[in-house]
């Protein structure tokens with residue numbers, strides 16, 4: 001723990017959900033199993049089929065890996081909490097859960113921007129695509145995404161560790177997240193709120209700006225294609241990614257850009273189920289149902 005932190009709280013009680021716990025457990029368990037099977041299947045499919053050894057699917061395999069890790073940092077504790085009256089997590093366990101949640105969530109946000117840049121290069125600069133998006137470049141972009149996610153998580157975790165928690169220790173959420181933890185701190189949390197707003201605002205704004213610029217160029221290029229069939233085929237390769245972006249950033253904006261209040265927290269807790277549990281399950285289905293190459297490869301497999 002950081003020096004100067006005089007927290008008397010050694011554990012937190014995650015209040016989670018009090019209604020329909022058994023039904024919610026069954027639903028979340030089925031979603032989690034589907035998430036693991038779907039994303040692992042996508043990774044295996046991409047790695048074992050040479051037809052899919054291209055940059056777009058290289059990034060997609062890492063997106064599936066992030067979805068597995070992202071969901072696994074939250075869902076197991078949620079499931080165990082639905083089976084007991086009081087879901088207890090240690091102070092260190094709470095900080096660790098938040099750190100990995102922040103790493104994988106931020107990395108996925110950055111990776112989605114990288115995937116938009118890949119679509120820009122593929123459609124707008126097809127002659128230079130394989131050179132500009134070589135395997136070495138793709139690895140560097142993925143490593144950069146993980147580095148950005150780790151840095152963001154480190155900053156937020158460091159600011160959390162400077163706080164004191166003197167009680168109560170009841171977290172009105174099903175996992176350790178910044179807003180409900182700040183409500184419990186007996187320290188001045190203005191710095192934490194400012195850092196959270198600045199970092200998350202910068203990441204979302206920069207990533208969305210990169211995505212918007214990439215797809216603006218893509219749309220202009222598609223519009224210049226003379227045949228309607230060619231325009232449709234070019235745009236169809238982007239629809240899966242656009243759906244994933246809309247789901248991920250839409251729910252992220254709803255969760256993080258609301259007032260720090262208990263009323264907003266109650267609504268955010270319900271929305272977090274969709275953001276942390278449901279979305280990681282949807283991505284494999286979005287790409288498999290909307291992508292003819294994945295469907296044909298899956299059919300042959």
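Backbone N, Cα and C atoms are what each Cβ position is placed from, and that goes for glycine too.
Here is what TrEMBL says about this protein:
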type	residues	note
DOMAIN	38-287	domain 'G-protein coupled receptors family 1 profile'
TRANSMEM	23-45	transmembrane segment
TRANSMEM	57-75	transmembrane segment
TRANSMEM	95-117	transmembrane segment
TRANSMEM	129-148	transmembrane segment
TRANSMEM	194-222	transmembrane segment
TRANSMEM	234-258	transmembrane segment
TRANSMEM	270-289	transmembrane segment
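Counting only same-chain residues 6+ beyond the ends of the transmembrane segment (23-45), those with a CB under 8 A from a CB of the stretch are 17, 52, 60-61, 64-65, 67-68, 71-72, 75-76, 78-79, 82-83, 273, 277-278, 280-281, 283-285, 287-288, 294, 297-298, 301. Here the transmembrane segment (270-289) lies next to the transmembrane segment (57-75) in space: the count of CB pairs under 8 Å, restricted to residues six or more apart, reaches at least 3.
Outside the transmembrane segment (129-148) by six or more residues, the chain places 55, 58-59, 62, 103, 106-107, 110-111, 114, 117-118, 121-122, 203 with a CB less than 8 A from a CB of the stretch. When Cβ-Cβ distances below 8 Å are used as the criterion, the transmembrane segment (95-117) is approached by residues 56, 59-60, 62-63, 66-67, 69-70, 73-74, 77, 89, 141-142, 144-146, 148-150, 152-154, 156-157, 160-161, 175-178, 181, 203-204, 206-208, 210-211, 214-215, 241, 244-245, 248-249, 252, 276 of the same chain, each at least six residues removed from its ends.
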